[in-house]
């Protein structure tokens, strides 16, 4: 069986043969040299005593990567250099390719998810944690004695993103790893794959469409897909060949007065960690040159803990459509109902999780001109 997969990763330069990840202690400097890249952009892998549900999880992760990069995966139990994916005591992976070796990548039930599968594969491709970036002190307050938080000699090919699948959650019981911007308290540790995660992976492995005869004018932060140069990879809420369409997206026209909308259904609360997140998108439009304002007014049935890992809502107000804006999943967070303003038109709202995270409501309006409103709480 042969599986072809494409995906993006963070570039590292440094020391080989170290373990990454959850429930595993590591050397403080674990970056990799370029020789740790997989040759010909192809990884060989196979499953070993891996439960069927975890196999399905990895196939989803591989298919995702295949659709977003020029990388390929080949299922090959006889390969001299390969990744053996098995059940273990924790979720971890070696960094990069180890020539002539069968290297282990493990999952355990207490940490297994689609996002974790992507996270560990990206380690095997040569990507370090977000908290190990050389610029992390501009964005995080960390305990440098923590073995997972040592700065590595990374090549920062994309902006720092609090929503990266490679970034650990904040530590809710201490100040060992907290965001300098407190609005990202619940965003760190998300199990979503961020747009910049794939951009990074593509840049690291040189995946691009530079030699393709047709150049596409991708819109709204999108870029030509190295997996299929006849289409663009699109940011949240956009689709179509050039990322200028909203098929399957709720398109709402903002007015000068506050209007209300949301997602309302009767499913019971719950989570399914082994599947890809399901998304519902809203695109709020307004006259050209306007500022669009949005505020969440109700959250119900979301799984709430110290990070919005399995479900949540993102009001994408950041000017850079590729970056992750603060995530919301808990109505006891004093930031959850802040008014967000953006000149991005349309203004995109993303709800993620599954149909068991049932209910959120929001209000929206536009203000003529480029107005920047200070965040406010609803009373």
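Just so you know, glycine gets a Cβ as well, placed from its N, Cα and C.
If you check Swiss-Prot, you get these features:
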DOMAIN    30-208  domain 'Peptidase M12A'
DISULFID  70-207  disulfide bond
DISULFID  91-111  disulfide bond
BINDING   119, 123, 129  Zn(2+) binding site
ACT_SITE  120  active site
DOMAIN    203-244  domain 'EGF-like'
DISULFID  209-229  disulfide bond
DISULFID  234-243  disulfide bond
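Closest to residue 209 (disulfide bond) by Cα-Cα distance, out of the recorded positions 70, 119, 123, 129, 234, is 70. The separation of residue 123 (Zn(2+) binding site) from residue 234 (disulfide bond), Cα to Cα, is 24 Å. When the disulfide-bonded residues 70, 207, 209 are compared by the number of other C-beta atoms lying within 10 angstroms of their own C-beta, 209 comes out lowest. The average per-residue pLDDT of the prediction over the domain 'Peptidase M12A' (30-208) is 90, rounded to a whole number.
Across the domain 'EGF-like' (203-244), DSSP helix (H, G, I), strand (E, B) and coil residues number 2 helix, 10 strand, 30 coil. Rounded to a whole number, the distance between the Cα atoms of residue 207 (disulfide bond) and residue 129 (Zn(2+) binding site) is 21 Å. Between residue 243 (disulfide bond) and residue 119 (Zn(2+) binding site), the C-alpha separation comes to 26 Å.
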